[in-house]
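What TrEMBL records for this protein:
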- 2-397: domain 'FAD dependent oxidoreductase' (DOMAIN)
- 3-17: FAD binding site (BINDING)
Amino acid sequence: MKIIILGGGVVGVTSAWYLTQAGHAVTVIDRQPAAGLGTSFANAGQVSPGYSSPWAGPGVPLKAVRWLLMAHRPFVFRPMADPRQWRWLARMLANCTSAAYDRNKGRMVRLAEYSRDLLDELRAGTGLAYDDRQQGTLQVFRTQKQMDHLGDDLRVLDQYKVPYEILDAAGCVRAEPGLAAARDKLVGGLRLPGDQTGDAHIFTQRLAAMAAERGATFLYDTTIRGLRREDRRLTGIDTSRGRMDADAYVLALGSFSPAMVRALGLDLPIYPVKGYSITAPIIDATLAPVSTVMDETYKIAITRLGDRIRVGGTAELAGFSTTLRAPRRATLEHSLTDLFAGAGDVPSATFWTGLRPMTPDGTPIIGPTAIDNLYLNTGHGTLGWTMACGSGRVLADILSARKPDIAYEDLALARYRA
Ligand SMILES: Cc1cc2nc3c(=O)[nH]c(=O)nc-3n(C[C@H](O)[C@H](O)[C@H](O)COP(=O)(O)OP(=O)(O)OC[C@H]3O[C@@H](n4cnc5c(N)ncnc54)[C@H](O)[C@@H]3O)c2cc1C
């Protein structure tokens with residue numbers, strides 16, 4: 001089948017890889033000059049099935065008020081005169097119940113675990129390297145209250161047989177020796193040994209090159225302007241290079257997905273949630289993290305990527321703004337220097353922002369639509385890197401009329417009509 005993939009981020013490129021492997025003639029279109037230059041460019045680098053959780057959870061509305069008042073706040077809200085922002089917020093709040101949290105976390109963990117296994121397979125089968133490490137995540141708690149709230153998460157981890165260890169402060173330092181000087185700031189931690197790390201941008205570019213070697217076409221510097229529909233089918237897309245057509249289309253435009261299909265009558269519950277990262281060269285490897293350390297207080301991930309430290313976090317509801325804000329950088333620097341003082345060259349760190357394509361329930365949207373030949377692989381929010389391989393493979397299986405290896409019906413857009 002001839003398939004056009006709209007968007008060459010980590011999700012579009014993994015889709016291209018698995019669809020090419022399944023024997024389809026694939027073309028990926030992106031407005032950027034190369035793959036992985038959107039939100040996939042400088043994320044926190046976690047491949048974290050164990051940490052896969054929706055942001056909507058019991059107690060989150062109250063916590064959000066507290067976060068807004070913190071000097072180094074993990075959450076920033078810029079109210080806008082955009083009904084989509086308010087509608088998305090209302091839908092997210094509706095997911096802040098225990099039942100919804102368990103259901104949503106279960107879906108995310110299922111897909112993320114599958115995705116991590118496929119990533120292992122891909123590395124083993126192709127030798128693909130991307131500053132990757134397979135040494136787990138350590139979530140560190142600075143208060144007893146944070147540790148006491150672990151119950152809900154552990155229940156789902158047990159249900160999906162995700163291994164974990166609960167550590168005291170000394171155990172955290174054993175797992176991450178760079179934390180030694182910060183030991184007294186920690187109460188304990190949750191270690192998720194099955195988690196991994198890696199540079200999503202390097203991965204995306206190298207996988208795109210491998211897919212191209214196997215026959216996929218990548219059209220960069222090409223802006224998609226609109227989709228053409230006749231009855232229940234797409235008949236083509238309009239781009240800055242003219243009209244193009246295919247048998248089937250995969251929408252993988254991240255935060256820009258809803259606007260592309262709104263005129264077709266499709267309502268995608270995805271809203272951009274802005275995040276920031278800094279990337280600092282390592283100056284003392286003995287003081288740097290071994291893998292990812294998740295600073296629960298500030299909701300910041302600190303990850304070793306080769307000879308660099310990536311620090312990522314902040315959830316800012318500010319529409320499509322990509323302004324780099326100095327206070328957000330200060331928060332990332334604070335978490336890094338507080339836990340890993342002397343590890344990185346902080347003043348020379350690069351500063352970046354990206355828009356997470358978030359659904360209200362935290363789970364991506366993968367599968368068919370009411371338009372027969374239009375498929376979705378979008379809305380990956382906080383964990384698109386973690387879930388990319390699994391999402392690409394599930395989508396390729398659906399398009400190839402093969403039964404996916406994991407349950408997939410509840411990942412489709414139809415769950416929002418239920
Ligand atoms: C600060 C931060 C930290 C994060 N940390 C992690 C993490 O540690 N682990 C994790 O798993 N996830 C993380 N994420 C989330 C992850 O980065 C995203 O979920 C993922 O990158 C989404 O990938 P995507 O391919 O859907 O979107 P994108 O990478 O944004 O790709 C969409 C593509 O569509 C293209 N496009 C858009 N509109 C058009 C158009 N009209 N015409 C042509 N092309 C178009 C864009 O150029 C872009 O390349 C983080 C995100 C942020 C912001």
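Every residue, even glycine, has its Cβ placed from backbone N, Cα and C.
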**Q.** Least Cβ-crowded entry, counting other Cβ within 10 Å, from the binding-site residues listed as ILE3, ILE5, VAL11
**A.** ILE3
Q.
Quiz question: given the binding-site residues GLY7, GLY9, which has the greatest number of C-beta atoms lying within 10 angstroms of its own C-beta?
A. GLY9
Q | Of ILE3, ILE5, VAL13, binding-site residues neighbouring ligand 1, Cβ under 6 A | A | none
Q. When you measure from the Cβ of SER15 (FAD binding site), which residues in the chain that are at least 6 apart have a Cβ under 8 Å away?
A. ILE5, VAL250, ALA252, ASN377, SER391, GLY392, LEU395, ALA396
Q) Do any residues at least six apart in sequence from TRP17 (FAD binding site), in the same chain, have a Cβ closer than 8 Å to its Cβ, and if so which, in order? A) LEU122, LEU207, MET210, ALA211, ALA216, GLY392
Q | Distant-in-sequence Cβ neighbours of VAL13 (FAD binding site), under 8 Å, six or more positions away | A | VAL28, ALA35, GLY36, THR204, LEU207, ALA208, ALA211, ALA388, GLY392
(Q) If I take every residue in the domain 'FAD dependent oxidoreductase' (2-397) and average their pLDDT values, what number comes out? (A) 95
